[in-house]
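*Asks:* Encoded as structure tokens, here's the structure I'll be asking about.
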């Protein structure tokens, strides 16, 4: 069976980098189910939409008849992935890892087809490693090769400690591909070193090397930094339908297209048609509403998507002030610029975001749109402050004594 070029194009769409492309095309042209691997270390209990960029790609492979292996790195999670870290990461307990792993499985099957997914745990083979096995694995690579990794290199050159077990992490992750005989491995762009390690180790052990497909790291709600729970710029897949809908509606039109490209189940052709319709006069807000409904329906259901949409209209588009409005208090010695104030009460992540939101006309005080980020609100009064479509609070500004 010859795989159509359109199938190859659809599978490659949205990937940041594929190494190497000709090998992927060759594997797909064989017309037999490939083993598609993606590993997740359950270091936190909840997934967010940033994680689903990769899960969506796995789902595509399932739709085209390939075998998806959802690998839970229960063994490697106890080491801790050093990728992007400037300090040694503290290992997690086995109990925490297993509890998080249970939550992961429940969440991923909101996207993946459980009947077409093999769930594996790398403790199945790594727990069997003895000292000889580990030394032989470590002997496949040099310290110089490990220091090619940007994060290791930075820590080494600045005198920050690197624990020996951190060097073992990419080797163990790479060995997972050997154990599973993976044909393709998916991961984020930040995982490039680890993904290529799997390819190198497969060659070393005499297997056909896997193709590496890297998906982009999606920006968070601020449109600047990658989506992360620690930065509070994320959309969790376990959030309520109203929270999810509101957060999606809060993103800029520019970021909306980025989200649609990476998160929608629409084909590339359908997305191009959407973009063309906006160029021809369709309101981007309507596209955003449809996208928000799609995402909410995926993680809840269509009824909840319609409910969230109606609540959103009732709360924001009709100008209603919600009954459960968050009440904030700020005590200051003298009035401060609105841009600084918004950051101080956590309605924005930074002063620069405050300025950007004001300039976009996304900030209202008592229902009036504000155009001056340096505006100073008088002390001794209360205000209804709204930033974007979802962040709204009642603020009381009091005089410091």
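Cβ coordinates come from backbone N, Cα and C, glycine included.
The motif ''HIGH' region' annotation in Swiss-Prot covers 42-51. Look at Swiss-Prot and you will find 226-230 tagged as motif ''KMSKS' region'. The ATP binding site feature in Swiss-Prot is assigned to 229. Sequence annotations record features per position, and here Swiss-Prot assigns domain 'S4 RNA-binding' to 336-397 based on sequence analysis.
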*Asks:* What are the sequence-distant neighbours of residue 229 (ATP binding site), meaning same chain, six or more residues apart, C-beta distance under 8 angstroms?
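*Replies:* Long-range Cβ contacts: 44, 46, 48, 236.
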*Asks:* According to DSSP, how is the motif ''HIGH' region' (42-51) divided among helix, strand and coil residues?
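*Replies:* With helix first, then strand, then coil, the motif ''HIGH' region' (42-51) has 3 helix, 1 strand, 6 coil.
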*Asks:* Run through the motif ''KMSKS' region' (226-230) and tell me, per DSSP, how many residues are helix, strand and coil.
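*Replies:* DSSP classes over the motif ''KMSKS' region' (226-230) add up to 0 helix, 1 strand, 4 coil.
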*Asks:* Could you give the number of helix, strand and coil residues in the domain 'S4 RNA-binding' (336-397) as assigned by DSSP?
*Replies:* 16 helix, 20 strand, 26 coil
